[in-house]
Amino acid sequence: MIRTNNKEVINRLSKNSFKYNKGRNKFAIVSIILTTLLFTAFFTIQMSMIKSTQYETMRMVGGTFHGGFKDLNTKEYEKIKDNKLIKEKYVSIFVNLAQNKELAKRQTEIKYADKNYIENGFAKPFKGNIPKSKNEILVDTLTLDALGIPKDINQKINLKYFINDKEYNTEFKVSGIYEGDKVSMASVLYVSKDFVEEELKGIDQEKIKKSGEGTGLIDLEVKFSNSLFIEKKLQKVLIESGLNTKQINTGVNWAYTSVRMEEDTGSLWGAIGFLAIIMFAGYLIIYNVFYISIVKDIKFYGLLKTIGTTKKQINKIIIKQALKMCMIGIPVGIALGYFIGVILTPLLVRQTTIVNTEISASPIIFIGSILFSLITVLVSIYKPSKIASKVSPIEALRYSGVREKTRRKVKKTNSGAKIRNMALSNVFKNKSKSFIVIASLSLSIILLNCVYTVIYGLDIDKYLVNLIGTDFTVGDTSFYRWEYGLGNYSDAFTEDICKEIENLEGVHSVDKIYHKGIQLPLIDEMKKNIERKKSSVEQDYQKYINEALKNKKIPTECYGIDEGILPFIEKYLTKGKIDIEKFKTGNYIILDENWYMGRLLDVGSKVTIPFENGQSKEYEVMATVQVIPLYLRTGYVGIEGSDMYLPISEFKNIVNNKSVMTAMFNVDQSQINNVKNYLDNKIKTNPTLDYKMKLTYINEFEDMANTYKIVGYGLSFVLGLIGILNFNNVMMTNIISRKREFAILKSIGMSENQLKKLIKLEGLYYALLTIFIVVVIGLPLTKKLVTLVAGGMMMFSYKFTMLPIIVSSPILIIISIIVPTICIKYTEKDSIVEALRENE
């Protein structure tokens, strides 16, 4: 075979075919734009969310480092610091927490750090310098605001703190100021190296380690060559340094995506599933557009085969046209998709705990969109190009898109040929074509139903139940940081303040909760339950259980509650019955089942509780509850312990703690703003008080629901548009490929109106089949998909609904009648004779 250089001919054929098929090109380019738009918007949102989350987490953690070694003594630090795996290191030494009353609302740490740590820990001063002399300090703006000190260097600042249980009140000079960040878990005040060398000189690091205080211990934060397998690298450094991996605490900066990906495979599969939906939707429409083109131009490809064009060359002609369309459609799709992604990202970020939105312009967005769009296009044109390249010149003359069978099925009827039967037969004549159009239309309706089901299932009561129970809760600031009772009990929130609130206009009963940790004597029943569950607890926690068994005492969080709190606790009842009158007698307690140990005491069991004044009293367990929300308790419980609820009068007999942990109350709607203003003013004079408001959570919920609507309905609209375009393309294919068939029907007496009725009925059958598939397959699929995606959301409850199907079905039926009516006009310009000669 003589090889010829026909590259130029193939290029010219491809170019001319592209110019000739302007209508097809428009449809195909629009399809490519829509597909690329979805890919780009998805990648933009994903990458921007990753970037925002990563930066937010870094700010929360307090640095850009990969991980670190915590609470090291000097010897351990010296062994680790020069390890070859460590590329960068950042050193800090903890002094203690500032105890100033004005700083009660925000944990404020005092520590020394080297220059690297400060600059990579978001603490680079915008005014002044890093401290050098003993009395200098670097302060953040939040601390200065809390202390009421101007944001100027050389200001005097007095700090109260403890070293070795000794209280210090030290005056520092502000050497520098850096921007405080509310996202960060704590404010950090940086002292000089001279300060720690002098003030922490001779401190017993081993004793401090055992006590868990941290004063004088070294934190070594590090960066490796990359952020992959950080935990394993930290462990390897310890092993190479000859240190016990179980005795040294390590921490991984969870800001890095690689760390989260190792733990969260669900999000990865969700992303893959979303990409698959976009690819499938894009495939359906692009495939149809090219299929129409091939059917229409099949004689052209047959003639090319006649003059010796090979399969490979025909494939090249089609691929070159597709790539030319990609050159137009993909850039436009990327531009529109990125624009939509930039708009939607802040809306999505707002529904998270992330404060600042970081829009990503990563090359991955654009490279990923181009690659996925190209793959979708090339996969979509594979079958049409295969049809064109394989068709013989003779087959090309008679090709209609339907594969002829060697034996035809003859249908007999006594009532003559009915148009409705002919239409139904035509729908199933090409099963693959029918599948594509029904799948495309069904996909958009099923997705719309999924989106609506998620939004319909968003339950504000379920959202609020774990966050707040009344219009307002007021409490000590440490309560809202889940630290109440960890240190000395504050006297900021008293019964007098509760009475003030109760006397405000519109305020209903103020129900109080008191708290203090006690040691509950270990009785035989508790011991048996603990020993039975002990083996199921992680090894690291078993030492606490062993200690409790040895001391024969169980650490218990004791709560004194008003009777108005009981209805909230009753929602979480697991056994027994809460009788308010019995509870008020003071002879009964309610126990919260331990998350690890389960029910330590059964209903009806009796336990003797020692009082702080030396007396004791026996109480009976009235009921057990589980998973009490955090607005009713502190945020902690011992691995071996339990929570116990009893009347306030009994609580005051047991412990000597007169300060209120938190109080809850409802307010008349007309007075909510007045009560809010009162609390705001109260906090100004008493900074260790804080409050939460139900209205704030309601607004958060509504914002979140609106975001789901915008994103979900937007995606449904695009996929719905793809489905309608697909339906239009299928009907157009029908008419193009069946012009001769329609001419034969007209020649034997079928009127123009009957022909239109036939086509309309075909469209109607497509619509009815789509509705049938959506109801029979789509509804069960919706439940599974929605449960998989939204089932874990704390504010979601699955509720069956068919509203989107009911609303979209008439629209689908109307479209299925209108589109064929428009398409049939394509055949009206040709006479019957011209149409009969179409394939001759």
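Think of each number as a place in line: the chain as shown, counted from 1.
Note: Cβ is positioned from N, Cα and C throughout, glycine not excepted.
It should be emphasised that the depicted structure is a prediction, and the values quoted were computed from it without experimental measurement.
Annotated features, as they stand in TrEMBL:
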type     : residues : note
DOMAIN   : 273-393  : domain 'ABC3 transporter permease C-terminal'
DOMAIN   : 715-825  : domain 'ABC3 transporter permease C-terminal'
TRANSMEM : 27-50    : transmembrane segment
TRANSMEM : 268-290  : transmembrane segment
TRANSMEM : 326-349  : transmembrane segment
TRANSMEM : 361-382  : transmembrane segment
TRANSMEM : 435-458  : transmembrane segment
TRANSMEM : 710-730  : transmembrane segment
TRANSMEM : 763-782  : transmembrane segment
TRANSMEM : 802-824  : transmembrane segment
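Same-chain neighbours of the transmembrane segment (326-349): 28-45, 48-49, 52, 357, 359, 365-366, 369-370, 373-374, 377, 706-707, 710-711, 714, counting only residues six or more beyond its ends whose CB sits under 8 Å from a CB of the stretch. For the domain 'ABC3 transporter permease C-terminal' (715-825), the predicted model reports an average pLDDT of 80. Contact between the transmembrane segment (435-458) and the transmembrane segment (361-382) is not supported, since fewer than 3 Cβ pairs fall under 8 Å when only residues 6 or more apart in sequence are counted. Residue counts for the domain 'ABC3 transporter permease C-terminal' (273-393) under DSSP, split into helix (H, G, I), strand (E, B) and coil, are 101 helix, 0 strand, 20 coil. Residue counts for the domain 'ABC3 transporter permease C-terminal' (715-825) under DSSP, split into helix (H, G, I), strand (E, B) and coil, are 94 helix, 1 strand, 16 coil.
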